Amino acid sequence: MSRTNLPIQPAKMSDATSSKPQIFSIQDLKQAASDKMSQMYRDYYNGGAMDNITLASNEAAFDRYLLRPRVLRNVSNIDMTTTLWGTKAALPLGVSPSAMHRLAHADGEVGTSKACAARNVPMILSALSNDTLEDVSGQSSDGSTPYAIQVSPFKNRQITTNLLSRAKAAGYKAVVLTVDAPMFGRRLDDLRNGFSIPPGFSFPNLSAQTQSGSGGLGGGIPDLSFDTAATWEEKIAWMKSQTDLEIWVKGVTSPLDAQIAIEQGVDGIIISNHGGRQLDTTPATIDILREIAPIAKGKTRIAIDGGFRRGSDIFKAVALGADFVFVGRIAIWGLAYDGSNGVGLALDLLINEFKLCMGLAGCSKISDITPAHLSILNAKGVLESVY
């Protein structure tokens with residue numbers, strides 16, 4: 001049975017405290033977090049576009065990739081570290097940009113960042129954050145945790161230039177341009193719920209002229225018009241003229257676009273279908289990675305998000321050629337469950353599962369993880385190599 005077909009079971013209650021669920025997996029955390037959120041905000045975070053086909057596919061696709069462990073390997077000392085944006089990271093795992101963390105918990109993006117910094121886990125901050133980018137990166141007291149700022153193709157380019165300037169001054173290492181959202185996807189749950197944000201919500205990283213309007217999401221969202229005429233050639237060249245931060249693009253799902261990204265000289269791509277929130281019935285990102293990695297590996301850095309729920313999912317992505325994995329909803333679930341401490345719990349679950357998977361698969365360092373550690377089950381029930 002696919003993991004997406006498994007019913008969400010209520011988290012177990014301890015004997016000592018019947019109100020405190022025991023969290024042993026991301027699935028447990030999702031349930032506990034969802035129980036704490038209102039329907040409007042729970043559906044906003046958990047839902048996708050239209051019929052949620054891509055949302056479900058992102059998660060279910062991992063079950064097709066089967067682990068092939070190597071045995072009698074020295075795994076007495078497992079090193080999960082890697083590099084991102086020229087900086088050392090604890091493992092190939094980071095937090096994706098997602099808007100308005102204070103909808104989940106008052107700790108907001110600062111709380112998410114605090115948990116990331118304590119574990120040297122990179123974070124991409126959304127332009128639509130509720131905390132200043134300076135306060136967010138300031139949670140890494142020694143500056144060792146890598147941060148990037150996310151931007152969209154705003155029609156008002158002054159928004160982007162302001163963000164780039166502030167991010168550079170605050171020690172950010174990269175800018176991540178979201179390229180799969182020239183307009184907002186149709187999210188039926190948000191429409192049914194009449195999605196809006198609480199009065200008084202602020203977006204301190206945006207210029208004053210954006211602080212009113214609907215922005216296409218719902219009441220109270222800044223009025224951010226997107227440049228629907230943006231093209232690869234013009235947009236990337238302009239970004240390069242504005243900053244010396246690394247430039248990554250997020251939202252690549254076509255091998256053709258991966259090739260163009262390489263030709264335009266971006267520093268990295270993030271294979272992403274926006275968590276199934278933009279165009280429904282696009283392929284699962286882990287399947288797209290299998291297409292794109294042979295084209296892009298060694299020519300640009302490759303990251304991926306979408307559907308990751310286990311440390312073994314991270315392992316599978318690295319085996320298929322990803323340099324890095326990002327998660328979005330998982331951090332939100334942690335935040336909703338217990339603020340910054342909940343984000344830490346979420347990250348620790350994935351970190352511990354990933355380390356265990358490396359050890360059981362016979363890998364003592366990231367470079368040991370190869371396509372030989374995976375097989376895929378074809379329609380005839382026969383195991384095949386992934387490449």
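Here the Cβ of each residue, glycine as well, is placed from N, Cα and C on the backbone.
The active site, proton acceptor annotation in Swiss-Prot covers H274 and rests on sequence analysis. Among the features that Swiss-Prot reports, 2-oxocarboxylate binding site is placed at Y44, R187, R277, with the record citing sequence analysis. Residues or ranges marked as FMN binding site by Swiss-Prot on the basis of sequence analysis: S126, Q150, T178, K250, D305, G306, G307, F308, R309, G328, R329. What Swiss-Prot records for 18-379 is domain 'FMN hydroxy acid dehydrogenase'. Annotation comment: Swiss-Prot describes 1-20 as region 'Disordered'.
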Taking every pair from Y44, R187, R277 (the record's 2-oxocarboxylate binders), the biggest C-alpha distance in Å rounds to 10
Excluding its own, the Cβ atoms lying within 10 Å of the Cβ of R187 (2-oxocarboxylate binding site) add up to 23
Students should find that the Cα atoms of R187 (2-oxocarboxylate binding site) and R309 (FMN binding site) sit apart, in Å rounded to an integer, by 22
Whole-number Å distance separating the Cα atoms of the residue listed as 'active site, proton acceptor' and Y44 (2-oxocarboxylate binding site) is 13
Same-chain, non-site residues whose Cβ lies within 8 A of the Y44, R187, R277 Cβ center for 2-oxocarboxylate are D43, Y45, G47, G48, A49, G185, D189, D190, F195
Quick note, R309 (FMN binding site) and R277 (2-oxocarboxylate binding site): C-alpha atoms separated, nearest Å, by 17
Within 10 A of the CB of R309 (FMN binding site), the number of other CB atoms across every chain shown is 23
So D305 (FMN binding site), by the Cβ count within 10 Å over all chains shown, scores 28
